[in-house]
Each structure stands twice: as C-alpha cells, then as structure tokens.
Amino acid sequence: MAQIDALDIVVLALLLVGSVAYFTKGTYWGVPKDPYASSYANGSAAKAGKTRNILEKMDESGKNCVVFYGSQTGTAEDYASRLAKEGSSRFGLKTMVADLEDYDYENLDEFPADKIAFFVLATYGEGEPTDNAVEFYEFINGESPAFSKGEEEKPLGNLKYVTFGLGNNTYEHYNSMVRRVDAALRKFGADRIGAAGEGDDGAGTMEEDFLAWKEPMWEALTEKMGLEEREAVYEPVFSVEEKPELSADDDTVYLGEPNKNHLEGKQKGPYNAHNPYIAPIAESKELFTVKDRNCLHMEIDVSGSNITYTTGDHVAIWPTNAGVEVDRFIRVLGLEEKRHRVINVKPIEVTAKVPFPTPTTYDAVVRYHMEICGPVSRQFVSTLAAFAPNEKAKAEMTKLGTDADYFKSKISSQYLNIAQVLHSVCPDQPWSAVPFSCLIEGINKIQPRYYSISSSSYVQPKKISITAVVESIRIPGATHIVKGVTTNYLLALKQKQHGDPHPDPHGLTYAITGPRNKYDGIHVPVHVRHSNFKLPSDSAKPIIMVGPGTGVAPFRGFVQERAEQAKRGEKVGPTILFYGCRRRDEDWLYKDEWDSFKAVLGENLTIFNAFSRESPGKKVYVQHLMKQNAKLINDLLTKKSNFYVCGDAAHMAREVSDMLAEIIADERGVDLKKGEEVVKNMRSSGAYQEDVWS
C-alpha cells in the first residue's frame, strides 16, 4: 500500500478547505457586507458584485413581480414600495422593488409571460426623467433599442406591465415621463394591465389619485394573472434587533452619518445624492428688514472638495429634523426610554434595501433619516389602525383610512404630520405597539432640498450662494403653524454663526453640530445637482429674466456673471430683469447689488420692479410690468433673446407664459393661438427656460 507523505496530507487538506469554501460560499466565516461602505459610501449607484440582469435577479430570489421606480424626491420610491408590499400581502405576489439605475434593459424582450413589471415614474422639471431613470428612458425611447434577441417587430410581446406616473399639472409637460414610457412599451408590443395611472401634485391630489387608481388596477391584474385576494395583514420587510451589548458611544454605531466614510470621520468624493460634502458656511445674513419674516443669504465654501458648479445649477441641502418634532415623535410612539438604544436593522425580504446604515439608534433614525414632518398617507393610517392603543382609536384610524373626505378634513387640510395625527386620535396613551419596522417602511426617507444657486461660477467657483425664504405657514382653522424643515435649520445655523449660543428659530431646536459634533463650526451637508437652466454661451445674446421673490436667485448669478464678463472686456448683450416683491423697504432682495451691477453694465442692464403692496387698489405683479413693456420684449425676442422664468409654478410661471403669448400676438398682429405656438416652439428650442417649483 502506497505511503501518504506530509506533502500529500497538505494537498488533501487544501482541497478539502477549498471544497468547503466553494459549497458553503463562506457561510461559516463570512462577514455580512455593509452596503453603506466601499462604493456606496462614495455615492456610487453601482452595487459591487450585484447583477444588473433583472431576470437573473428575479430568478435568484424567486420573484414574479418587479416594481421599478424613477424617483427624484423619494415619493415614487415610496409608492413603489407600497405597491410591492400590497401585492405581496393581498395577492400573494412574490414582489421586489428595483431602482431603475441598478439594472440593464436589453433583455426586457425575454421577460417571462407569467411575470409582471410595474413602472412608477416621476416627471422631473420640464418633462425630464428623474436622475435615476435617465438611462432607462433614453434606452426605451431610442429609435431602435438594442434588445437582446435582435430585430423583432414586437420584441416586448411577452411583457405585461403596470404604470403609474407622478406629475404636476402646473408644468407644461405634465406626467410626460410615464406617458412616453407607456407609449414606447406599447409600441414594442408590451401589454399594459389596467389604466395608466397619473397623480397630480399640482392639484394636491397625488395621494388620492394613487389610491383611486390602484384598486381597479388590482382588479384587472387579478383577472389577467389569475390571482386570489386574501386578507392583508402586516408582514415586516425589515427586522429590528436591539443590541444591548453596544452603546451609542461605540465608534461602530451610526448616529446620523450617511455612510461609512463619514462614520470614520473621512470625507471622500464624489459628492452626490448618496454622499454629501460637509461644507463650512463662510457667510450668512438676513435679507429682509422686517421682524416677522426671514430670507437668508448664505455662502457655502466648497473649496477642497472638487465640487464644481456652473451658473444656474442647484445646491442640495441635507436637512436635520427639528428637535421639537423628534421629541414629539419619540414621545407619541412610546420610544422615550429606549431612544438611544442601539438597533440593527436587516432586510427580511432578500431584495429589500435598508434606507440607512446600521447599527444605529432609534433617535438617530428619527432625527436624520425619516421624513417625520412630511404629508401623511391615508393608506399608512389604515396600516397603523391595527396597532392602536385601544378600540376607540382603532375605529377612528380605520375611518380616517377608508373615508377620503373625512381624512381630508381632519388630516391633510390641516397639514398634520404623523405624530400629530396619532396624538390627535389618542392623546392619552402612547402608540408603543407600532413596530419600528412599520415606521421605517411607511415613512419616507428624508430627502435633500434643492435651491437655485444665486452666484456665478465664473465669479466665485469655490463658493456657492443660496437665497432662501424661511417657511412659516399659518393654516386657516389649524392650531399650529407649519414650519419649513430645512429653511428653519438654515436659520438656526445663521443664528449660531451670528453669536446665538442656543439658536431656537420659531420655537424649533436643531442638532446643528451634527452626529458626534461633525458639523460643528457651522457646517452643512450639501451636494450639487446640475441643471439645464443656463445662460447662452454667447454673452452678447440678449436675455429676459422674470423672477419675483426668491425666484430672483439664479438671476443674481446671471447678472453677476455678465457684469464680470463686461469687466473683462467681453461684449455683453441687453440684460432685462422683471423682479417683484411686496415693498421696497421690506423685502427688495439684493437692492444695493443691483446698483453696483448697473454701474458696470450701464444701459445693458434694465430692471423693472413690481412692488405689489405699495400701489393703492390693484396689486402690481411682474406680468403687469411685462404688459407695459411689450414692445421691448418683442423686439428682443426678434433678436433671438433667451427668456427665463424662476419661481412659483402654480400661478406666476403660468401667468407669465400666458402673458408672453399675448404680447407676441398683440405685437406681431397674429391671433393668440399663434402666440402660444411661438412660446411652445421657444420652449422646445431652449429659448424659453423655467426653473420653477410648486
């Protein structure tokens, strides 16, 4: 018998270890990967080691329903999650939620006929796809998308799909994203189930539009796919485990840091919607001269970050929830005694994604990651009814969840947040039976707020200016005042910078030094989002700008840039600004600066001011001044002037567009329909640009 020497034993041992490693995939010694480390920590959307083949992913995880989302502010993502959860709990579908930017789409022509795809798509800006949906949109709307099977007349003949769009009717291209995608899918032979749903944020009916659409959609889908409805019960997507062996002081515990680099005290780019730069505020000041209203000017220093911007871009501010609202939420949900306990949150469902890094604490999640002051969903109220402290509260929550008119009168018209709703329904007992996983699933992740940059990158490439009115809205009949989360946070930072040791804007308190005091020294988390709202490349080209109130922000940057170009000897064309505010001695933004710009630009800068509260009788707005200067506007348009509008989309922007069409019709002697057509063509060519909000 052959003898086994030492080398043979070593080789056999290595083979054994290798076999175990292969067949167990490292189960016995593997450390779970932190999704907020490595590439994701630096903001990359690509998840290392994850497949971009959606069919492969569905097969691996045993799914027969995928809900794709294209989301800019988180609402579409929330609706996608809700549809996936309802499809699973009510109809037994094996659902997964998918970010459109995480997958490729060439193999949609191989989508199995016994599976279903949902597309929940928000329209951003002037009919544009959201940032995470750009590649999908360009692929599906291309002249001849390169599907994997090659040339076929109807390559998507097996694809069954459902669509819901999120839009705003104050924009010209209302819900254009979902409409164009729906048309493209149908062109390629896909079979839509039910109606293409559309929600309207402009009319304030988004939630009710969604709820009204989904019931007949489920009926159509049930019939088409032979589904059976069952009683829906709450099934958690995440497990929440308290970790008594860990303390909030441990350096492995996230206390609001967005990713591992920030946890370790390191800043590393690229900086984007996943990874903010903690930027110092170099300067801050009050622009209004009245005591009951605030408008802030801030200079944010991005030197050393490699962040770049161009004039007309947007800066994102990452907010922190106000302390008073965090305390209310913690108290109402019965979390006071354990607010600083460490928890680990993991997905129970394999395709689910925890929306924040863990381990963390209850307090950190509520303060830095949940949109606790956002609008309340009627569907979420229905879910919470099962966890009410008593039968009376359960009955009230059930009524609120099922009666749209009652919900509107009691909740949405009063702009109550979720803690206020729960307290109003049951003020005497805490809602301690609500699983924290249910709150993570039902409350949106807090989103960065975007502001038009009010400086020129040509003049100050390393400092970003913002101009923001501090929101404080009194609701008729309500006992509370709605406070803007982010603008009051900025006001607290401004107060601290100007020497207030305990800033408390409008009765709110903020943890302005950030997690582990990482924002101390007056810092704020930011990133830049690039915009198509741009000056013409030829500085000699005329421009007309309409921007009342803080709508003047990007135009300060435009004029600042043109003044600098003139100083450097470049030719600058006519620069016209229509600006409006209440009174010249109260809220005339950048009054002194306009004079200095005028000194440089001379007759090439003309500013028309509408002071709406100074004229007796009828108020004067920017559109009235446009009418008075119709000939000038038309003359400049015939010289290929660009036309810009910034500000309120619901009223001002629409009225300005209508006025421009009227001016063109009157000055050119054509009918109004022709004037409207000219404006439409200006939009299409980029000569008419808007930076507006609802």
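Placed from the backbone N, Cα and C atoms, the Cβ positions cover glycine too.
Automated prediction, rather than curation, is the source of TrEMBL annotations.
Lifted from TrEMBL, the feature list:
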- 71-76, 122-125, 166-175, Asp201: FMN binding site (BINDING)
- Arg293, Thr550, Ser612, Arg613, Lys619, Val620, Tyr621, Val622, Gln623, Glu655: NADP(+) binding site (BINDING)
- Arg449, Tyr450, Tyr451, Ser452, Thr467, Ala468, Val469, Gly484, Val485, Thr486, Thr487, Trp693: FAD binding site (BINDING)
- 65-218: domain 'Flavodoxin-like' (DOMAIN)
- 274-536: domain 'FAD-binding FR-type' (DOMAIN)
* **Proximal residue to Arg449 (FAD binding site) among binding-site residues Gly74, Arg293, Ser612 (C-alpha distance)** => Gly74
* What count of other C-beta atoms do you get within 10 angstroms of the C-beta of Thr487 (FAD binding site), across all chains shown? -> 22
* **Integer Å distance between the CA atoms belonging to Arg293 (NADP(+) binding site) and Tyr174 (FMN binding site)** => 33
* Cα proximity to Val485 (FAD binding site), best match among binding-site residues Ala122, Tyr171, Arg293, Lys619, Tyr621 -> Arg293
* Structure fact -> In whole Å, the longest Cα-Cα distance within the recorded NADP(+) binders Arg293, Thr550, Ser612, Arg613, Lys619, Val620, Tyr621, Val622, Gln623, Glu655 is 26
* **Longest CA-CA distance among Arg449, Tyr450, Tyr451, Ser452, Thr467, Ala468, Val469, Gly484, Val485, Thr486, Thr487, Trp693, per record bound to FAD, angstrom** => 17
* To do: Could you measure between Tyr171 (FMN binding site) and Thr487 (FAD binding site) for me? Cα positions, answer in whole angstrom.
  => 25
* **Close in space, distant in sequence - Gln623 (NADP(+) binding site), Cβ under 8 Å, 6 or more apart** => Met652, Glu655, Val656, Asp658, Met659
* To do: Using Tyr451 (FAD binding site) as the reference point, find which of the binding-site residues Ala122, Gly125, Lys619, Tyr621 has the shortest Cα-to-Cα distance to it.
  => Gly125
* Asked: How big is the Cα-to-Cα gap, in Å, between Thr467 (FAD binding site) and Arg293 (NADP(+) binding site)?
  -> 14
* **Sparsest Cβ surroundings (other CB atoms within 10 Å) among the binding-site residues Arg449, Lys619** => Lys619
* Around Gly74 (FMN binding site), how many other C-beta atoms are within 10 angstroms of its C-beta? -> 18
* Asked: Where the distance is taken from Cα to Cα, which of the binding-site residues Arg293, Val469, Lys619 turns out closest to Ala122 (FMN binding site)?
  -> Val469
* Near the Cβ of Gly125 (FMN binding site), how many other Cβ atoms are there if near means within 10 Å? -> 16
* Asked: Relative to the Cα of Arg293 (NADP(+) binding site), which of the binding-site residues Gly74, Gly125, Val469, Thr487 has the closest Cα?
  -> Val469
* **Listed in sequence order, residues with CB under 8 A of Asn168 (FMN binding site) and six or more positions away** => Thr123, Tyr174, Asp200, Asp201, Gly202, Ala649, Ser694
